[in-house]
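Enquirer: Per TrEMBL, active site, proton donor is recorded for Glu80, Glu314. Feature annotation from TrEMBL assigns active site to Asp221, Glu335. According to TrEMBL, the feature Ca(2+) binding site maps to Thr438. Here TrEMBL flags 480-515 as region 'Disordered'. Residues annotated as signal peptide in TrEMBL: 1-21.
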Amino acid sequence: MPFRLLIPLGLLCALLPLHHGAPGPDGSAPDPAHYSFSLTLIDALDTLLILGNVSEFQRVVEVLQDNVDFDIDVNASVFETNIRVVGGLLSAHLLSKKAGVEVEAGWPCSGPLLRMAEEAARKLLPAFQTPTGMPYGTVNLLHGVNPGETPVTCTAGIGTFIVEFATLSSLTGDPVFEDVARVALMRLWESRSDIGLVGNHIDVLTGKWVAQDAGIGAGVDSYFEYLVKGAILLQDKKLMAMFLEYNKAIRNYTRFDDWYLWVQMYKGTVSMPVFQSLEAYWPGLQSLIGDIDNAMRTFLNYYTVWKQFGGLPEFYNIPQGYTVEKREGYPLRPELIESAMYLYRATGDPTLLELGRDAVESIEKISKVECGFATIKDLRDHKLDNRMESFFLAETVKYLYLLFDPTNFIHNNGSTFDAVITPYGECILGAGGYIFNTEAHPIDPAALHCCQRLKEEQWEVEDLMREFYSLKRNRSKFQKKTVSSGPWEPPARPGTLFSPENHDQARGRKPAKQKVPLLSCPSQPFTSKLALLGQVFLDSS
């Protein structure tokens, strides 16, 4: 397919000028809203690997290590920094070994990209210091939250952290990231209306809704997405139960003929009979919970809009069947292609490949320019805007490629994997089941179990080893009448004297009485189950 040849060239052309401090593709100065560091490089990094451009992935990793600095006096979107920068760095970190990057000892529990992700995430933590635990929308990367910062934040800007922050906590061992993400999710859940809906903007200081339109699109979308993906990633029943409750309310009050409208969150009355292009992620999300029939019906509605214009306008008036004034553009968003990829993996329906073909032809014909792919300013006459969004490289290209590449490593069904030795034991990576964050950065769910082991479990193993060696020593005494060298102990650090007593104290627990360990195979809890091939299997117990 020609697109496979054009995209890598477009990627290189678009990425090469964007090293630190360089002008953008149009020759303009770096946009301070992007923090003066290479946002596009970070956002597109894992796309390079998925497309097979290993050498460029390696080069960009070196560029980022040499140039990225988060200690800058810039106001940054908490939401965008998380999904693009933290998510992009985490994904690239976990894919580094596959890309042939020489990883340091202790990977994936350590590494330069992981440290960069942690540094970026720590810059966002001051935003969560509110009475409600819901974050401000903007933070200064050097000084924290500005004194005059508005407390009004969109719902998605509050509920779109659990994927990246839980991954970061698991890899670094610092629970603060997952903790603040969970608090924010719970505050939104507790703020829903009596009919089970949430609005799209809330005051994070008072917890009062400022904008009370409820729907699945802009300002709300990734909150619902992260309840599902967080549930899969963390195998968390509570998050899935929350989404399923929302799903009931969404069906009851916002769905009409397989379209989803905007309604008043307290009354359920229609406020905007429009389809937003951002809503096109919904069929893909439905496929993740196994609701394939409803997903396909809604997808086909959205596909008719695509065929009408050669793309999805930002707003589409459903009763009138046409674009909404001043919302006629298409910035090459990925959401409908994303849903096509998920649904094709679930069904194999060739209609979904037709959408992919139409997308390839539209993008090549309408938006291809000398050095990239331009935003379509108006779908009615196909006028172009002089910009290319980073999500085109991070998401649209990636989902299109994965739609047509069934053998890509992202689609691994567990038949192959890599065994990695970490400081915590052997770890299995690359077996599949990747969870995409809302910017299409894939996270390997197995990695969350590589860098943590409950201390209680470690102590049990050590006690078991002591018991084993103690019995062996006694048996040796009895049989050979010789003096044993003593029970096994973990190795002491250089310059320290080791004993069971100071070992227990160093780990922060009191010396316990020796117990006879019971050897058994525990039943598999919900938290250890995996999602297979993108499907969530709810526990029936």
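Any Cβ shown, glycine's included, is placed from N, Cα and C.
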Enquirer: Which one is closest to Glu314 (active site, proton donor) in space, judged by CA to CA distance, out of the recorded positions Glu80, Asp221, Glu335, Thr438?
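Expert: In terms of Cα distance, Glu314 (active site, proton donor) lies closest to Glu335.
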Enquirer: In sequence order, which same-chain residues at least six apart have a C-beta under 8 angstroms from Glu335 (active site)?
Expert: Ser277, Leu278, Glu279, Ala280, Tyr281, Gly284, Leu312
Enquirer: In whole Å, note down how far the CA of the residue listed as 'Ca(2+) binding site' lies from the CA of Asp221 (active site).
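Expert: Computed Cα spacing between Asp221 (active site) and the residue listed as 'Ca(2+) binding site' is 9 Å.
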Enquirer: If one measures from the C-alpha of Glu80 (active site, proton donor) to the C-alpha of Thr438 (Ca(2+) binding site), what distance in angstrom results, rounded to a whole number?
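Expert: It is 10 Å, counting Cα to Cα.
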Enquirer: Let's check the environment of Glu80 (active site, proton donor): how many other CB atoms sit within 10 Å of its CB?
Expert: 21
Enquirer: Tell me which residues of the chain lie with their Cβ under 8 angstroms from that of the residue listed as 'Ca(2+) binding site', as long as they are six or more apart in sequence?
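Expert: Looking at Cβ-Cβ distances below 8 Å from the residue listed as 'Ca(2+) binding site', excluding near sequence neighbours, one finds Ile83, Gly87, Thr160, Val163, Asp221, Ser222, Glu225, Tyr226.
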Enquirer: Of Asp221, Glu314, the active-site residues given in the record, which has the fewest other CB atoms within 10 A of its CB?
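Expert: Minimum Cβ neighbour count within 10 Å, taken over the active-site residues Asp221, Glu314, occurs at Glu314.
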